[in-house]
Amino acid sequence: MGTVTIANTVAALIRAKYAAIALGPAGVGYLSQANSLFYFANNAGALAMGAGLIKYVADSDDDHELNTTICSALWLQIITASIAVFALLVFARPISVHFFSTNMLVGSVMMLAFGLPFAVATGGMMVPILYGLNSYRLYARAATIAAALNIIPFILLIHFYQVKGAFLQISVSAGVTFLLTALYLRRVMPREWFDWKFVRWEKIKELFSYGSASFVVTMLYAGTALLAKAVIIQRLGVRVNGFYHIPVAIHMLYVPLFQHGLWAHTYPILSANPPKQTRDDEINKSFRFCFLMITPLLVAMILGRNLIIRGVFASSFLPASDLMAVQFFGDFFFISTYIVSLTLLASAQLRWFLGLAILYNLIFVWCLYGLIGSMGALGVIWGHVIGNIVLLVAGLWILHRRLDFRPSYEVRWIFLICLCVVGAVALW
């Protein structure tokens with residue numbers, strides 16, 4: 001997983017630099033919204049069945065049961081992906097107008113529809129199957145090669161077609177990733193695996209119900225991100241959305257380093273229903289580790305944010321400097337709430353897990369509409385901060401009530417000290 005993370009990070013840095021130079025803030029603003037739209041449609045088509053697919057593929061006792069799981073998931077995702085593709089094609093004009101504030105990108109929105117089936121098949125089907133068959137190395141090879149190869153169409157299409165090329169490369173990249181993943185998947189798939197007779201309605205219900213909470217949460221966050229950028233484009237212009245993209249993009253680059261560690265180490269321990277003392281110790285260790293690791297990183301990024309903008313993007317994006325400082329301040333609370341949410345999910349507290357996600361998105365949307373008029377894009381960033389602060393307080397209350405957990409004395413002091421350091425640097 002480390003190789004994939006590094007490969008994706010390096011590829012993302014190369015793409016970010018080239019897009020900033022070739023497209024400028026306005027073009028990056030369109031590209032950012034195009035990625036958000038594609039991500040939303042992709043998750044809608046895949047139905048977040050990945051977790052359920054991994055579980056049932058791993059638990060399959062023979063090829064017949066494995067084929068039943070795969071074909072049932074495939075049948076459902078063909079239907080949902082077709083609906084998502086149909087929606088992009090039929091509603092391309094209103095999508096272009098409402099989410100991009102122009103009717104000049106109708107064809108570009110339709111281009112996204114052609115890459116959507118490939119993205120759904122890769123992320124919603126093939127990658128979970130590789131995980132379930134314990135073929136992590138094959139996935140890592142496919143993902144690493146795809147990350148490198150997809151740089152080529154990204155540069156060429158943007159160079160020749162600018163913003164329209166930026167839309168087109170999303171679909172091309174999805175196709176390249178699909179082909180590479182399918183090539184490696186063939187090595188571990190059973191022969192004669194595809195036959196409609198393997199489709200079972202009971203298996204479809206099991207797959208969907210297992211990941212239903214994750215699906216709702218994923219769609220909430222994806223929909224809110226899409227809405228936020230649409231409102232920024234409508235109210236402040238696409239150029240400002242290009243500035244807003246900068247702190248969000250940096251967030252997406254470094255946060256997975258912490259998330260992958262929590263999923264790989266903390267989640268398996270907590271999901272195994274350990275004794276209370278073991279569970280409490282593990283949660284406290286996660287808080288302590290993340291606070292001590294993220295604080296110096298955030299301080300360094302806040303102090304060097306102008307250098308980051310010039311190095312990763314371009315000098316024309318320097319107006320995003322203030323946005324980055326507030327975003328990183330909010331990220332300190334974000335990593336805290338992520339641990340809380342992960343604990344609730346691992347402990348099967350799904351209603352509370354879903355409730356926290358709804359609460360955050362309601363607060364974020366309220367700040368989006370309530371603060372954007374007076375504070376501009378900075379008001380949207382403050383929605384991220386306020387939402388995570390409220391979420392942390394509510395989440396800790398839920399952990400105390402449902403799991404009888406309280407952060408240790410040491411963790412509380414580390415939190416206060418790190419918060420003061422990050423807050424002083426960010427808001428100075």
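From the backbone N, Cα and C atoms, a Cβ is placed for every residue, glycine too.
Where the annotation comes from TrEMBL, it is an automatic prediction and has not been curated.
Annotated features, as they stand in TrEMBL:
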type	residues	note
TRANSMEM	70-92	transmembrane segment
TRANSMEM	104-131	transmembrane segment
TRANSMEM	138-160	transmembrane segment
TRANSMEM	166-186	transmembrane segment
TRANSMEM	207-232	transmembrane segment
TRANSMEM	244-265	transmembrane segment
TRANSMEM	286-304	transmembrane segment
TRANSMEM	324-345	transmembrane segment
TRANSMEM	352-372	transmembrane segment
TRANSMEM	378-399	transmembrane segment
TRANSMEM	411-427	transmembrane segment
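If you look at the transmembrane segment (70-92), the same-chain residues 6 or more away from its ends with a CB under 8 A from one of its CBs are 41-42, 44-47, 49, 53, 57, 106-107, 109-110, 112-113, 116-117, 120-121, 124-125, 129, 193-196, 198-201, 203-204, 207-208. Listed stretches 138-160, 244-265, 352-372, 411-427 were compared with the transmembrane segment (104-131); the greatest number of C-beta pairs under 8 angstroms is found for 138-160. Residues 250, 254, 258, 261-262, 266, 324-325, 328-329, 331-332, 335-336, 339, 407, 410-411, 414-415, 418, 421-422, 425-426 of the same chain sit 6 or more residues outside the transmembrane segment (286-304) yet have a Cβ under 8 Å from a Cβ within it. Scored by C-beta pairs under 8 angstroms, the transmembrane segment (378-399) has its highest count with 324-345, from the stretches 138-160, 166-186, 244-265, 324-345, 411-427.
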